[in-house]
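Here is the structure we will look at, set down as structure tokens.
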Amino acid sequence: MRAVTAAQMRAIDAAAAARDGEVALMRAAGAAIARLIDRYAHGDGPIVGVAGNGNNGGDAYAALAAYAGGRRRIVYGDPAAEGSRARHDARWRARIAGVEERPLPVDANALRGAALVLDGVLGVNARLPLDARSAAAVAAIAASGAAVLALDIPTGTEPTTGAVDAHVVRAVATIALGRPKLGTLLDPARDCTGALWCAPIGMRDADAAGVDDPPAEVLDPAAFAALLPVRADESDKRSSGAPLIVAGSTQFPGAAVLCAWGAARAGAGYVTVAAPEGAAAALRAHLVEQVVVTYDERDPAAAVQTILDLTNRCSAIAIGPGLGLSDDSAAIVNGVVGGTTLPVVADASALYHLAKRLDAYRDAPLVITPHAGEFARISGKGTVAPDERLARVREFVDRTGIVTLLKGRTTLIASRDATHLNPTGTNALATAGTGDVLTGAIATLLAQGLAPVDAARAGAYWHGRAGSVALAHRHRGVVARDVAEALGEASLVAPQDPELIRLFSSR
Ligand SMILES: NC(=O)C1=CN([C@@H]2O[C@H](COP(=O)(O)OP(=O)(O)OC[C@H]3O[C@@H](n4cnc5c(N)ncnc54)[C@H](OP(=O)(O)O)[C@@H]3O)[C@@H](O)[C@H]2O)[C@@H](O)CC1
Ligand SMILES: [K+]
């Protein structure tokens, strides 16, 4: 699903409003929001809306009008607000439905004890810094300690950049109307978003509107499930996906083990690991179902030949985890990546070695998976500030054509055609070896025939879910092996409601 800038959303809104009418859209928005209220309300208090003078405020009225859950409903708004026709319609229907109207300003005491506050102060047309009136409303909401469902965006966040104001709503959940706003997926705003839902409200065909640059995309559960390859009935072990893992060293054999586990648990039928002789004993002790082939890393030309010979019976390569930074491993990495026609996912040490020869890999079937430090080096443009990540990864991919998965709290996956924001993940994944598992999983998806960008975005999504599944089972102390073990369960997707899509849970 496309994640939109404020300008793109205005274009989409205008087209949808011209077709369906603003009143109908706001009624649909209200109905969708109302469906989420009981999920997040707790205690016996009222549901309280705080409405700004724009259509985001209109959504608060519309939701309270549509809510039929039997709780008391109150809305704070400006009685003299001019507002749009849709906002008038919503306000009128709220009044008829028995919603109590009170004038702004609202203070924290009035909100304390609410079962849920609906933040309808500002929506997609918000600018930072907030005006005094909006800031006062946000401050009251924040000080009340009440649970908040943010309408479209948490007020105080910038809808496109994800910047936050000094006064900002921290929501338990946000419901995007039409399309998710880019800012709600980006740090630092993402921590204010809570869980993110999207109600497409009649804009399902809107993705072509108002987009010139490569668009931002976010996977939803149904789209993820559709990307995962299904093993055919007549499959054999090689046609089920046969990745070759080139990884490990005397010092770091574990990276190869975890990469192989990631590949195997992602559903590969036949995993081959090629590793230096010094890693062989450790690998064979841990890998039973996988085939381990060794090479002499002090003879790079022979090592490359050994590895390329193996590729004849494989369908994708993962290269890099634990290989080390020696000149010999540089020769091996560039010899293999430059000498194969198979799709490749390169990580860790391989990124270090490929950085020197990027031009040779322009538009190759290659996925690289750097973290911020590795990206700073491979992009050749230094450290990446958190708010530059999106622009920097786009610049790099526009320049090189190499599909890039930039790890971070929000992992970004960019190809020439689009930038994907990965919505899944948990800080339980911040532990050694989880990146190796991800590389292995991506290798399997490549080996099963996914295009590089699809393997990268599906892999990142799946890995993030697996982290959450592992945490749910372990509660603490998740290790990388747990994440590989959780891939199976994390591949299960419950049937989705197309009218109300959960894009992510709070992290
Ligand atoms: N259109 C549709 O079809 C649908 C719309 N829907 C809903 O409408 C929401 C958008 O509503 P909206 O366009 O009325 O803008 P909203 O964000 O409520 O802001 C109101 C005004 O506040 C102002 N303002 C902002 N920041 C400011 C600042 N710092 N300091 C001072 N002023 C500031 C700014 O006015 P300006 O100053 O630019 O004249 C702005 O226009 C959208 O998020 C969704 O919830 C859904 O129901 C689906 C159908
Ligand atoms: K809002």
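Even glycines carry a Cβ here, placed using N, Cα and C.
TrEMBL entries are annotated by machine, without manual review.
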Per TrEMBL, member of Gly382, Gly433, Gly435 binding AMP alongside Lys407, Gly408, Arg409, Thr410, Thr411: Gly435
Nearest recorded site to Asp436 ((6S)-NADPHX binding site) by CA-CA distance, among binding-site residues Lys407, Gly408, Thr411: Lys407
Cβ-centroid neighbourhood (8 Å) of the (6S)-NADPHX site, Ala255, Gly322, His371, Asp436 excluded: Ala247, Phe252, Leu258, Cys259, Gly320, Pro321, Asp347, Ala348, Gly433, Gly435, Thr439
Around the Cβ of Thr411 (AMP binding site), the count of other Cβ atoms that are within 10 Å: 26
Whole-number Å value for how far His371 ((6S)-NADPHX binding site) lies from Gly408 (AMP binding site) (Cα to Cα): 7
Residue among binding-site residues Ala255, Gly322, His371 with Cα closest to the Cα of Thr411 (AMP binding site): His371
Pairwise CA distance, His371 ((6S)-NADPHX binding site) versus Lys407 (AMP binding site), rounded so that it is a whole Å: 5
Residue from Lys407, Arg409, Thr410, Gly435 whose C-alpha is spatially nearest that of Ala255 ((6S)-NADPHX binding site), among the binding-site residues: Gly435
Binding-site residues: Gly322, Gly408, Gly435 - member with fewest neighbouring CB atoms within 10 Å: Gly408
